[in-house]
Amino acid sequence: MSTLKITGMTCDSCAVHVKDALEKVPGVQSADVSYAKGSAKLAIEVGTSPDALTAAVAGLGYRAMLADAPSVSTPGGLLDKMRDLLGRNDKTGSSGALHIAVIGSGGAAMAAALKAVEQGARVTLIERGTIGGTCVNVGCVPSKIMIRAAHIAHLRRESPFDGGIAATTPTIQRTALLAQQQARVDELRHAKYEGILEGNPAITVLHGSARFKDNRNLIVQLNDGGERVVAFDRCLIATGASPAVPPIPGLKDTPYWTSTEALVSETIPKRLAVIGSSVVALELAQAFARLGAKVTILARSTLFFREDPAIGEAVTAAFRMEGIEVREHTQASQVAYINGEGDGEFVLTTAHGELRADKLLVATGRAPNTRKLALDATGVTLTPQGAIVIDPGMRTSVEHIYAAGDCTDQPQFVYVAAAAGTRAAINMTGGDAALNLTAMPAVVFTDPQVATVGYSEAEAHHDGIKTDSRTLTLDNVPRALANFDTRGFIKLVVEEGSGRLIGVQAVAPEAGELIQTAALAIRNRMTVQELADQLFPYLTMVEGLKLAAQTFNKDVKQLSCCAG
């Protein structure tokens with residue numbers, strides 16, 4: 001019985017494919033492949049070619065080495081070619097694999113670690129806090145659960161069908177909602193992060209805070225005491241971002257919330273003030289309002305001021321219809337907290353008078369987590385805001401140090417971070433991959449939702465592109481009519497002359513479910529006529545894209561249902 005060490009498998013399914021490939025090699029009687037152990041036990045005939053065994057594994061994208069014949073390894077891989085070109089000997093131990101240090105464990109870090117292992121590298125992943133990063137623990141996942149719960153509460157309180165289904169005032173059991181929310185967070189963290197890391201023998205996890213000693217070594221202050229120096233061939237910085245807190249006089253001396261505290265609050269305040277009009281600010285403001293809080297938003301400008309003006313107007317109108325007070329062009333110049341006999345009270349001073357609230361949520365954006373990395377020891381370039389400057393291949397100003405995710409100057413979305421991490425790993429292991437963000441979809445989970453991709457008209461004009469556009473209100477979309485909810489619109493922006501679709505903005509109850517179709521159309525350089533000619537299922541919200549495309553040449557009010 002011979003043992004083959006295999007690097008790069010990421011799941012049990014990988015092991016099945018490797019088993020099938022090995023058992024097709026002449027001389028192999030049976031193969032027992034274990035993803036967890038990163039190895040295969042082989043029953044082979046005398047004279048079986050070691051090169052044939054490793055080549056069979058290499059054909060699936062993994063690396064292999066006979067345990068009793070260390071000189072046998074998969075030849076000709078990208079890592080081998082890269083080391084030959086660089087003239088470097090093995091520095092990473094007996095495995096011979098390129099050693100990559102990954103700082104962080106969120107979307108970018110995990111994607112990079114798994115891809116690097118798949119490419120044959122050995123990974124040390126360093127996390128100072130909870131495995132999984134922001135999204136699964138204190139960001140996307142818990143916020144969307146809270147938003148969904150608030151949506152259900154809202155529908156029970158009022159809906160377009162109140163005439164036939166009696167409305168009722170819901171009783172909010174915040175403790176039960178929190179328990180349900182945290183259980184799902186814990187489940188996803190283990191399934192998508194902790195469990196995967198625990199089962200991958202090529203990834204070593206260190207729990208501690210990393211900082212650079214120089215541009216080839218990290219110092220890790222371990223959480224359970226002591227330090228460790230980690231030498232690396234390549235390093236990926238994927239440390240994410242944290243809530244940014246504005247320097248408002250008095251604010252730091254108050255018990256304000258960031259989104260982290262708001263998502264785990266054990267009670268719903270009677271009065272909630274929100275400083276900021278960021279995506280997080282607006283999503284949580286509406287969720288708290290629907291769960292029973294009286295919410296006031298202080299917006300420095302208008303809502304969605306960087307987007308098409310119609311977006312901000314539509315969302316502001318929807319918020320005000322729900323009783324959310326939106327104070328545009330209003331900033332707090334002073335914040336105080338007054339302790340009473342019971343709970344305290346926040347007092348916010350503005351140019352338009354005082355605002356009093358029981359709780360204060362500060363959500364003005366997020367700042368990259370780079371300050372404690374000692375990057376000055378490496379030569380890595382930062383923006384004035386502290387974000388790491390990278391090229392489309394996620395390379396920093398230091399050739400063997402890469403970065404991805406919210407700690408960089410890329411858009412702060414977890415799917416962008418994960419895509420960047422994957423491409424960084426490909427490049428760190430000798431490949432050539434770039435991240436193209438020209439058709440990057442974005443969704444804001446307010447109600448109605450806001451979804452965008454590509455150019456707005458203003459952005460296109462700024463880049464010297466002449467445009468044509470059409471806006472379709474949702475009272476022209478059959479799905480919206482059937483829902484008795486026609487709030488919002490779909491706007492298409494096309495390049496004048498060619499008719500090529502270059503941008504879509506949508507405000508609709510399920511705008512997020514249609515925007516990827518628009519992204520694919522833009523990525524494939526479709527014209528608006530080609531979009532109009534496609535088959536779209538009737539009574540779906542995404543059918544609105546087809547109808548909006550038809551408005552360039554037709555009056556859709558004069559069309560029958562499904563007219564193509």
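A Cβ is built for glycine as well, from the same backbone N, Cα and C atoms used for every other residue.
In TrEMBL, annotation is done automatically, which means it is predicted and not curated.
According to TrEMBL, the residue from Gly365, Gly379, Gly386 that belongs to the NAD(+) site alongside Gly276, Ser277, Ser278, Val279, Val280, Ala281, Leu282, Glu283 is Gly365. Of the cysteines Cys135, Cys235, only one is given by TrEMBL as the disulfide partner of Cys140: Cys135.
Counting only same-chain residues at least 6 apart in sequence, those with a Cβ under 8 Å from the Cβ of Gly276 (NAD(+) binding site) are Ile297, Leu298, Ala299, Arg300, Leu361, Val362, Ala363, Thr364, Gly365.
On the backbone, the CA of Asp406 (FAD binding site) and the CA of Val280 (NAD(+) binding site) stand 15 Å apart. It is Leu282 that, of the recorded positions Cys135, Cys140, Val280, Leu282, has its Cβ surrounded by the most other Cβ atoms within 10 Å.
Apart from Gly276, Ser277, Ser278, Val279, Val280, Ala281, Leu282, Glu283, Gly365, the NAD(+) site neighbourhood in this chain, defined by C-beta within 8 angstroms of the site C-beta centre, holds Leu284, Ala285, Ala363, Thr364. Per DSSP, the secondary structure of the domain 'HMA' (1-65) breaks down as 20 helix, 22 strand, 23 coil. You'll find the Cα of Lys144 (FAD binding site) roughly 10 Å from the Cα of Cys135 (disulfide bond). Taking Cβ-Cβ distances under 8 Å and a sequence gap of 6 or more within the same chain, the neighbours of Ser278 (NAD(+) binding site) are Ala363, Thr364, Gly365.
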